[in-house]
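Student: In case it helps, TrEMBL gives these features for our protein:
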- 333-427: domain 'DUF6418' (DOMAIN)
- 12-31: transmembrane segment (TRANSMEM)
- 37-56: transmembrane segment (TRANSMEM)
- 63-86: transmembrane segment (TRANSMEM)
- 98-117: transmembrane segment (TRANSMEM)
- 138-160: transmembrane segment (TRANSMEM)
- 180-201: transmembrane segment (TRANSMEM)
- 206-223: transmembrane segment (TRANSMEM)
- 229-245: transmembrane segment (TRANSMEM)
- 257-275: transmembrane segment (TRANSMEM)
- 370-392: transmembrane segment (TRANSMEM)
- 404-426: transmembrane segment (TRANSMEM)
- 432-450: transmembrane segment (TRANSMEM)
Amino acid sequence: MNTKCRITISREEISLTCILFLLFTSCVLFSESEWSSILSLIGFGAYCIYLLKIDILYYIKYLAFIFIAFSAILGTTVIEFFNLYLVELQCESSYVGSLPLLILGYWCLLVSFRIFDTRKQIKNLSDSLKLNNSEIKILRIFVWGVCLIFLLMFLKVIKYPAFLLGIDRFAYSMYYQPSGIWSIISNISPLLLVFPILYFINGKRVISSITILLYFFYALWTGNKFGPFFTLICIFLLIYSNKLIEKGKKYIKRVTGLLVIIFTLLIAFTIYFSQMSSDFTSLEYISTRAAQQGQLWWKSYELSNGEIHPEEFDEEISSAFSQDNSVSNNIGADYGIYKMMYYCAPNKLVDFKLSTGSRYTEAGMALINYYFGPIGLILFSNFIGFIIVKTINGFINCLTKRDYIKALILLRFFMIERTFLTMFVLSDITDVISLLSYLYLLFMNNKMLVIKKKKLMLIRYKNKYGGVSK
């Protein structure tokens, strides 16, 4: 029998949430004192440890966004408490009291995941990710197709490994990465991972592992150090989270331990590769890389001095349908992350950075605070948290219903939301593909396309949460 349950938030958690809200808001009011930042960090750490104790699956399901929060807070902490020279801003860091408000914003995001999340506890195989023989045969075709695509992608770049050339992914994309149709395929390749991961979960380990490894090596060869590998982990966990609910806490703890090991290896690889392609020592790279995650927030907080600029938000709306996705074509742009870059750093430095196809990161919270201040930041955190929860749960539900077209659409939105939170660029939300996706989700609300008996068929959902019928 199918049951749907909202996460039960205990009185203890409600009380802790209220206490922390009072703590964080008080720290924002007295942010001039370094103790306010320290208390905010302690409160945020206590909340994260509490969630880890009561709900490990929460971290697995929302790992992508929790990582964004941790990175931004860590980066801002490094800037606030250590006197660093920020190369990308060309200034010395100092304590300005920006940390409490940032922690409040990201804490509200994490709380919104708890409030809005729902979970399906699946009891019968028909709604799980275990496929029958006919479904396995169809999936096999897709997996072999994806494997062939990844193989061709890898063969295109196999002669030019970035780690031997000593260049990063930005330089690699300019000089060695194939363009045209191959560039498009490379951009959508994370979405294609759904098929080999599903195949892997259903016991078909060989071809699915080969396919995933081809994706891994392609990302490695093209100068990527962390992003695509982290994306692979997040997508795998999103698909596998449905199984983790059934397997219990002990299994979840083992998966968590494995994740810690994988993250450690990824970070070690990133540091090693960066040392090969730059003059940084390990310690310098870690501090510089961490600071990059918080530099736009820190500098914009200092420059705005508590003033808000809601009248300038029109620029975001007016540019939503006319933005150029190419980073190098946004020199002089006055929206999204580009606005924050020009606001916080010297114009000539930003011009050069964008001309290389590279840009800074973590501008979402900074822009919202610039436009609407602390209240806007709290409202935005809860709003985007609601959207993220609906997207992730919708993706999982579509997989269990075998509605793979909707699942891929929602997975694309999941990746867009990650970028939006850090870059605040609206073009991906309003481009042609997204508009067509909205229409498809609207008109196919309770229907889906499936292949049965070698025919493409339109079927309707039998009920809101379970099986289907013609």
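Every residue gets a Cβ built from N, Cα and C, even glycine.
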Student: DSSP on the domain 'DUF6418' (333-427): how many residues come out helix, how many strand, how many coil?
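Tutor: Within the domain 'DUF6418' (333-427) the tally stands at 76 helix, 0 strand, 19 coil.
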Student: Looking only at the recorded stretches 63-86, 180-201, 206-223, 404-426, which one has the largest tally of CB-CB distances under 8 Å to the transmembrane segment (138-160)?
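Tutor: Between the stretches 63-86, 180-201, 206-223, 404-426, 206-223 has the largest tally.
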Student: Does the transmembrane segment (404-426) reach the transmembrane segment (12-31) with at least 3 CB pairs under 8 A, where each pair is 6 or more residues apart?
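Tutor: Output no: the transmembrane segment (404-426) is apart from the transmembrane segment (12-31).
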Student: State the non-local partners of the transmembrane segment (432-450) in its own chain: residues 6+ outside its ends, Cβ under 8 Å from one of its Cβ atoms.
Tutor: 401-403, 405-406, 409, 412-413, 416, 456-461, 468
Student: Is the transmembrane segment (229-245) in contact with the transmembrane segment (206-223), using at least 3 Cβ pairs under 8 Å (sequence separation of 6 or more) as the test?
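Tutor: Yes, these stretches are in contact.
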Student: Please indicate, using numbers and ranges, the residues of the same chain that are 6 or more beyond the transmembrane segment (229-245) and have a C-beta under 8 Å from a C-beta there.
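Tutor: Contacts of the transmembrane segment (229-245) (Cβ under 8 Å, skipping residues fewer than 6 from its ends): 57, 60-61, 63-64, 67, 119-122, 128-129, 190, 193-194, 197-198, 201, 212, 215-216, 219, 251-252, 255, 259, 262, 266, 392, 395-396, 399-400, 411, 414-415.
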Student: Restricting to the same chain and to residues at least six past its boundaries, which positions have a Cβ under 8 Å from a Cβ of the transmembrane segment (98-117)?
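Tutor: Beyond its ends, the transmembrane segment (98-117) has Cβ neighbours at 6-7, 9, 13, 17, 20, 24-25, 27-28, 31, 36-37, 40-41, 43-44, 47-48, 51, 58, 61-62, 65-66, 69, 72-73, 76-77, 80, 294, 297-298, 301-302, 365, 368-369, 374, 377-378, 380-382, 384-386, 388-390, 393.
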